[in-house]
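The annotation transmembrane segment is assigned in TrEMBL to 140-162, 182-201, 248-269, 281-298, 353-373, 379-400, 420-441. What TrEMBL lists as coiled coil is 494-546.
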Amino acid sequence: MTTCVDENSFIDTVKDSVLQLDALMMCTEQKTPEGIWYLLSAGEQPQYLRCSKKVYDFICSFDGKKTVTQVFEEQALKTDDMSAQTEVSELSSIIQKLLNMGVLKNPDKKVKNKHWLASLRQPMAVKIPLFNPDRLLDRLSLLGSFLLSWHFLLVFLILLGYGLSQVATHWSDIQIHWASRFFDPLNIVYMLVLYPALKVLHEIGHGLALKRFGGEAKECGVIFLVLMPLPYINASSSYHFPYKHQRVLVGMAGMLIEFFIATCAWIAWCYIDSVGFLSDILFDIFFIGSFSTLVFNLNPLMKFDGYYILSDLLSINNLNSRSRQYIASLFKRHLFNISAPTDYIAANEYKWLTLYGVLAIPYRIFISLFIALYLSSKFFFLGVLLALLVIAQQIVTPLIKGFINTHGQAVKQGQRLRFWGVYVGALLLVILLGVVMQFQYSTTLSGVVVLNESQQLKTNQSGFIRHVFVSNGEQVQSGQVLLEIDNPELVNTLASLRVDIEELTARYDQIRAKDALQAADIFDQRVAVENELAEVMKQAEQLMLTAPGEGVFVQPRRDDLQGSYYNRGDVIGLIYDHSPVIVTAIVDQMDIEKIRDNLSHISVMFKIEPGTVYSGTLMQVIPAASDQLPTRFLGSLKGGDVLVDSRDSSGTKAMRNNFLIQVSVQGADNKAYRSANAQVKFVFNETTVLSRFMAWIEVSWLRNFTPSH
């Protein structure tokens, strides 16, 4: 057995040390389908080790009097049916983990207390402890008993059911509030205040549930999650609760409180008639308490409430770290033919560890990079710094540590040649994909069919439609009469002017021979009235609306058109010619150069005809950048891609200057896409991933530090 100890590099470093259990070590028995397990932790530290009775007895052998070698020799005398080398490998891994957790102490080494500034190494989540909330939670213990009672659950379910029944009734009100009030700058300020306030109640819910089952919360504080200050309560003592349902309820308590408040706010909002401060606050509470709870807190791929609830439901402690460890062991086994030690894995845990590791590891890297890139669009230097830290912490550092660790194991197990072969191959593959091979890339923008003025049939005079002479969809010729407008006021004016002319003519004839001067004056009056009559007659002729050109007459309201009233200048119908469909889209001025210089082809798909892709041709790029949109349907308030100023009632004022481009669509029937929305996909020439990254850096720099942009 001593030889086995000597062969293990880690044990060799501590074999002569006298280790002892920490005085604050906590141990809890937990029942699982596989039997009784022991959960160990050092006080309130958030790290845990689950072990069997055999391993627990081995750990208890470290009494501060025997060396590590002596403990292993005693263990060897007790073990008759196992491989000594395998036993040493597994137990040495456990000893190393317990030393890192602080459950085992090495008197020969001084332990440095972690300062709160160490949390700055995690820039996305900086945690600052403040005080012990245990006394405050004791005062609220009666409230905690009620919140976890069947009475509260019944009240909550009744309110939830009623609230859900109101969604359909007030759906249109939700859409109106969302479009007109939610993105208002002042409402954003409300949400920045309400979000931390709701999270305070959320954390109090965790604390009350913890006290309800006999746990203690010895720390609370503030965690700056992506620069947003949020409260937290250390509820890690719940891990030592013997029953699964107790641990799950502690994890769910915060979401239950928040969702209850959101439900009450929603019901109150439904009965608020006026639009204003109170309406905005209630809707924000409803949105934060429901949306953020379901999307973020309940998401098990992030280390929020959903993660701990899932861990308890599966009875897998340290789900995240163990899944990473297991995925790493799979890579070592299949890529390098290396057997790597892992914590004990029960038969039903393999599938969960594999599934969680495959989903959570890339998801967290993606979310971290997404947040960093988003911040870089708002605060360039800060975002780039955070992105570099994320890459260093979640990609570079694990790769370096994995390289060193795997190389050492490969050397010991005689797999050095295979190790270098795999790593060199992976490096060449990265260079091939990132620097050598070229790929096409694309940008998809929202577009809209903006009709030409020549296609719009507008009324020249106000009035009622008296007669419609053509049918909807009928081919018409230029100058053909389409419909007649009845304007009684104009007809009366015309008749009145004719009577005036007759009276002036009669007076002129009577007085012409008697008073030449007065006759000249009457003559001038008649000429003025005749000129006015000529103008009114021109207007009367416009009551007969004719086709401005050859095409197809389209008037969707053909059945109720006759008798309807239209003001002068209203669009009453359309004349479609055979010209191609023109789609207008908005391009950020930082991307316009790609379209001008590196465009490969354009694809267009209309929303009214999903699945059919048409080929497009770039017709025109309006040379001057502007913050005005040609139609509100391209703006964010109407579902477009361009962020607009919500304070502008027209919805056409963009937050930054953009270029207007027009794309001609081949093969699309013009009359089928009137006022249609479209997705315009610009596909660019092939380039390398490295070139794309450098172009992104250049664009981001220009966007943030060039005043004209």
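Here the Cβ of each residue, glycine as well, is placed from N, Cα and C on the backbone.
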Have the transmembrane segment (248-269) and the transmembrane segment (140-162) got at least three CB pairs under 8 Å, pairs 6 or more apart in sequence? yes
I'm a bit unsure how to read this: which one of 140-162, 182-201, 353-373 has the highest number of Cβ pairs shorter than 8 Å with the transmembrane segment (281-298)? 182-201
Spatial neighbours of the transmembrane segment (353-373) not adjacent in sequence (6+ beyond its ends, CB under 8 Å) are 124, 226, 300-302, 316, 319-320, 322-324, 326-327, 330, 345, 383-384, 386-387, 390-391, 394-395
Any residues 6+ beyond the ends of the transmembrane segment (140-162) with a Cβ under 8 Å from its own? 204-205, 207-209, 211-212, 249, 253, 256-257, 259-260, 263-264, 267
